[in-house]
Amino acid sequence: MATIALPWSLSLYVFLLLLATPWASAAVKNCSHLECFYNSRANVSCMWSHEEALNVTTCHVHAKSNLRHWNKTCELTLVRQASWACNLILGSFPESQSLTSVDLLDINVVCWEEKGWRRVKTCDFHPFDNLRLVAPHSLQVLHIDTQRCNISWKVSQVSHYIEPYLEFEARRRLLGHSWEDASVLSLKQRQQWLFLEMLIPSTSYEVQVRVKAQRNNTGTWSPWSQPLTFRTRPADPMKEILPMSWLRYLLLVLGCFSGFFSCVYILVKCRYLGPWLKTVLKCHIPDPSEFFSQLSSQHGGDLQKWLSSPVPLSFFSPSGPAPEISPLEVLDGDSKAVQLLLLQKDSAPLPSPSGHSQASCFTNQGYFFFHLPNALEIESCQVYFTYDPCVEEEVEEDGSRLPEGSPHPPLLPLAGEQDDYCAFPPRDDLLLFSPSLSTPNTAYGGSRAPEERSPLSLHEGLPSLASRDLMGLQRPLERMPEGDGEGLSANSSGEQASVPEGNLHGQDQDRGQGPILTLNTDAYLSLQELQAQDSVHLI
């Protein structure tokens, strides 16, 4: 019996639950007479209207968030017949962000009846799905003309979540006309200014603006703003008197041309005006003579001469024909043998006994000194040669010459002095120079202390090439056999002791048969003189 009673009681419980469920869902979802809007910041405005007659004196709206621990309440006030409204203040400041898009509010309408408070309406509210912003404010005229006007406005209490989705509408009307006849202008972007055109001059207008957040197509337009009244400017009276504007431009152009030609005529005819203009337009340039008194007195106050080049222009142009430069001979490194210092047999004609000598033949081979790996190493002799071509003159005066068949004795330097000479390639007109003749080798002089020799002067004559004593002094060691080294040293020292220095010059003067090379001192030029003669062919 107990087992039959349990299923009967369970079925009765389920039946009662099914009956109660539709009533509860209807109480939650029935929001037809209650409208609430969120201004995206800290305010929820609600309006409640009912059809049935309720004997109530006071009603309130209660709001509770599912994510926040607060309850807000506002009292409904009668706005019009059977309509009540109130504002739920959610934050302490109007610009505070009180809700987000995930908040859900439970809103209830409770009224006081004779027996107590009774819940009349219950509704779930999603704030960001029911947005209605505050109406724009601070409308002002930025620029006004006869037919145009520029107007701006501001918006407030707008959340940063919906700022990119704002759009506006504006309407205008003639003062005294109805708003239903006004034209509406749509601004689909966040543009807080409006440029009105094609207005009537000297006419009064009124403008209103509203805003909406176009987010998920659920936004609602805000209320219209307070109307802005303005009046356009009257028409220009000059345009009515002179409607042809091109005539004014023509008169302006003619006036400019006449003024220009008048100024030119005055400047040409007035000869005293030029100095006056120079005085007026002159910039203050300081006098350099006040700061450089020495230079000013040296050049007589001539600034152009002071600033000019100290070298005349004629210095940079060649004054005569370009000299002929003889070819440069380059030898291989293997030719650095003793043959470079040998004189050929027919090197120079014999001098005359009268003391006159022929013109020396010089080349420019000693002017170039190369220090390359395989080149001939030459000590830098401070001797410069002219670039004149070689000219040989035969002495026509009476004098004896060597017979054609007589051989020239070779002039060889000592082994210790070979590096002191400026070595040149063998030529018919070769002339040897040495800055300083070094001391003879100890192999020639034994243990005798070396004596310094002074360099040959340009005005002194060279020793005779045919002097056999001098040839004996300059005979190289490498020409002697290997076993005669000691004998050569003894003979050399003996000859040096037996032959005095003055005897060498005496023998050269007594003999007139040895060839003598007399230096041509006119052929030697310093580097500055060479550059002064021909500055174009500088090396």
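Count begins at 1; order follows the chain as displayed.
Heads up, the Cβ atoms here are built off N, Cα and C, so glycines get one too.
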In Swiss-Prot, which of these is labelled N-linked glycosylation site: ASN71, ASN491? ASN71
Which residue in the list CYS59, CYS86 does Swiss-Prot annotate as forming a disulfide bond with CYS74? CYS86
Could you state the whole-number distance in Å separating the C-alpha atoms of CYS46 (disulfide bond) and ASN150 (N-linked glycosylation site)? 36
Using DSSP, what is the helix/strand/coil residue split across the motif 'WSXWS motif' (221-225)? 0 helix, 0 strand, 5 coil
Please name which of the recorded positions listed here, ASN71, CYS86, ASN150, ASN216, is nearest in space to ASN43 (N-linked glycosylation site), Cα against Cα. CYS86
Just how many other Cβ atoms lie inside 10 Å of the Cβ on CYS86 (disulfide bond)? 20
Reduced DSSP assignment, ASN216 (N-linked glycosylation site): coil
Any idea what the Cα distance is from ASN71 (N-linked glycosylation site) over to CYS36 (disulfide bond), rounded to a whole Å? 16
Quick check on the glycosylation sites: of ASN71, ASN150, whose CB has the lowest count of neighbouring CB atoms inside 10 Å? ASN71
Work through the recorded positions one by one (CYS36, CYS74, CYS86, ASN150) and name whichever has its CA nearest to the CA of ASN216 (N-linked glycosylation site). CYS36
